[in-house]
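**Student:** One structure is given below, represented as C-alpha cells, and several questions about it will come after.
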C-alpha cells in the first residue's frame with residue numbers, strides 16, 4: 001500500500017501495485033499532485049481494494065493508468081476538488097466513484113471533477 005499525505009507539487013510515475021489489501025494508493029491533503037502510468041491489480045473478487053482513493057485534496061490528476069480491482073478503481077472522498085481522471089482503463093470492479101458522502105457530519109463537498117477518455121470494463125457502476 002502507498003500513502004501520500006500532505007504533499008504539494010509532486011509527480012509519481014510508473015508504479016505497479018499488486019494484491020494490496022484495502023486501498024492500493026491513499027491520497028490525503030495533497031495539492032497539485034499527479035499520478036501517471038500506474039498499474040494496479042487485485043483479483044476481481046477481492047473486496048475493499050480501492051485502486052486510488054483521494055480525500056481532502058486539491059488539483060490531483062490520475063493519468064494513463066490501468067486499474068483492475070474488486071472495488072473502486074478511483075474513489076473520491078469528501079473535500080476532493082479539481083480532480084482529473086484521464087486515460088484510465090478501469091475494471092473489473094465498481095468503477096470510478098464519487099462519494100459515500102453524507103454518512104458522517106461535516107463532510108466537505110466534492111467539486112470540479114473531470115473524467116475523460118476512460119474505459120470501464122466489467123464494472124458495477126460508472
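Cβ atoms here come from the backbone N, Cα and C positions, even for glycine.
Pulled the feature table from TrEMBL, pasting it below:
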- 94: active site (ACT_SITE)
**Student:** Return the residues near residue 94 (active site), defined as same-chain residues 6+ apart in sequence whose C-beta is under 8 angstroms from its C-beta, sorted by sequence, else 'none'.
**Tutor:** 71, 72, 73, 123, 124, 125
**Student:** Can you tell me whether DSSP puts residue 94 (active site) in helix, strand or coil?
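**Tutor:** SS state of residue 94 (active site) = coil.
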